[in-house]
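Written below as structure tokens is the structure these notes are about.
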Amino acid sequence: MPPRRSHKKSRAGCRRCKNRKIKCDEVHPRCGNCAKHGVPCDFSNPDVLEELAISTNTSTESVGAPTPSPAPTVNFNSAPRTPLTRPRAPSSPARAPRPNPSPPTSVYSQPSISSSTNTIDHGERMLELRLMHHYTNVTSKTLLTNSPAAEDIWQRAVPQMAFSGNGKTYLADAILSVAALHLRSMSPNDKALVRASHAYSASSLSAFGASLGAGITPENAEALFLTATLIAFQASASRIFVKDDGDAAPGDPTVRYVPPLSWFHAFQGVKTVVANSWQWIHHSDIVKVIIDSQPSFQLNLNPRSPDSFFGHMLEGLADELSNEDPRLVASTTQAYSHAVSVLNWAHKNYHAAAALTFTATVSKRYVDLVDARRPRALAILACFFALLKRMDNVWWLQDVARREVMGLVSLFEPGSKWWRHLEWPIRIAVLDGSSIPQDIWGTELEEQAPEQQNVLGSMTQHIEMFAEMLNQHTQPPIPIADEDLIVPDSPD
């Protein structure tokens with residue numbers, strides 16, 4: 001009998017496969033075993049994002065009060081109502097906290113040391129140098145920055161901040177993870193890049209979550225904002241590696257299309273981090289350039305106005321809500337109306353990247369409606385993905401419009417009344433390339449939305465309003481003692 005071939009054991013599998021002691025194919029964002037059994041996979045909703053999506057506590061500890069409150073967490077699904085600080089001692093939590101996964105070693109944390117040669121592992125070092133080189137020279141220029149100044153920030157200032165260290169390994173690992181994803185998109189069969197993208201993502205998420213749990217401070221606010229942005233980018237870019245089920249027949253019971261809720265969780269997480277750290281980062285030259293590069297958020301609050309391209313998405317809403325829980329009627333109406341308003345704004349905007357604002361600005365109620373597979377919410381989501389067609393030449397958005405729109409369409413029954421509302425996104429999705437004729441797009445693009453009385457202002461004003469609503473009832477951060485600092489588990 002020939003000897004068994006040796007193999008290198010991977011620790012990058014999902015938690016469910018590890019618990020079941022079966023081999024994980026490590027396909028992101030949902031491994032083959034989880035997809036086969038129709039169960040959630042922590043690749044599609046990583047631990048830290050899942051934990052950070054838990055609603056924060058509604059009460060805070062009064063200064064000097066004898067009874068401390070539980071440590072709040074960032075809510076990646078909805079706005080938290082407590083500051084991102086950590087009390088000195090937590091009270092009894094509702095559930096036991098999960099230990100942080102052991103992050104992979106890197107030259108930015110604790111490098112791999114050979115017991116015989118006492119040197120850094122050459123292969124790991126060369127891979128990290130390759131990833132950082134690719135990020136600074138290529139990937140940083142694909143982040144849809146809208147301005148040369150913002151591009152320079154991501155290309156030069158962000159890596160410099162990562163190099164400065166100060167214990168902020170999560171920013172360096174987030175950079176390496178994004179670079180690995182980019183290289184992996186060009187070499188999908190390179191297993192080293194697959195493992196690297198998984199490992200650096202897990203490491204970044206673990207350290208990022210620990211830092212958020214300890215609290216946002218003037219010292220870490222910039223790095224946390226930049227890392228949250230790169231995590232959101234990872235959540236979006238990882239979607240290109242999902243098995244394509246967009247060509248399934250409508251109503252096909254075997255279809256496994258799942259709407260990418262991770263996009264919403266991650267981008268709304270960026271908004272939450274920004275709002276909770278705004279008192280510090282709005283003075284940052286780095287953050288100011290990034291925020292100012294975003295299109296002016298002039299939102300018409302009347303989605304049923306005569307020039308509303310997507311106003312038809314609200315037809316029949318009153319009749320639909322007659323069977324809704326009375327406690328949810330107002331929030332559901334507002335969720336749909338606001339989502340349509342954002343679509344109208346992005347549809348006319350000269351800057352194609354304006355469409356990505358949708359994932360960060362829609363309400364938690366709308367995300368819940370998508371999760372519940374409400375037809376109206378899914379039709380609106382199909383229009384959002386159709387808007388991304390203008391960026392089909394960007395590597396992490398390539399073919400996303402077609403795949404996601406057709407995937408969403410597959411969730412509708414053949415005789416659904418919603419088919420006429422899906423005609424426009426389907427027409428856009430099946431086009432070749434990112435150049436779309438104006439008669440098909442449906443409107444003329446505007447450099448800036450026209451001034452109107454009933455609009456929201458600049459992106460900075462929008463953030464300041466959100467931050468004020470978030471923090472008007474909060475207290476000053478509680479100082480953190482050395483013994484309160486979270487230390488990640490040591491590697492096996």
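Residue 1 is the first one shown; counting continues down the chain.
Placed from the backbone N, Cα and C atoms, the Cβ positions cover glycine too.
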> In Swiss-Prot, which of 14-41, 238-265, 294-321, 322-349 is tagged DNA-binding region?
Replying inline: 14-41
> Hey, which of Ser69, Ser92 does Swiss-Prot call phosphoserine?
Replying inline: Ser92
>> To the nearest Å, how far is the Cα of Thr217 (phosphothreonine) from the Cα of Ser305 (phosphoserine)?
In response: 43
> So what pLDDT does the DNA-binding region (14-41) average out to?
Replying inline: 72
> By a simple count of other Cβ atoms within 10 Å, which of Thr217, Ser305, the modified residues in the record, is least packed?
Replying inline: Ser305
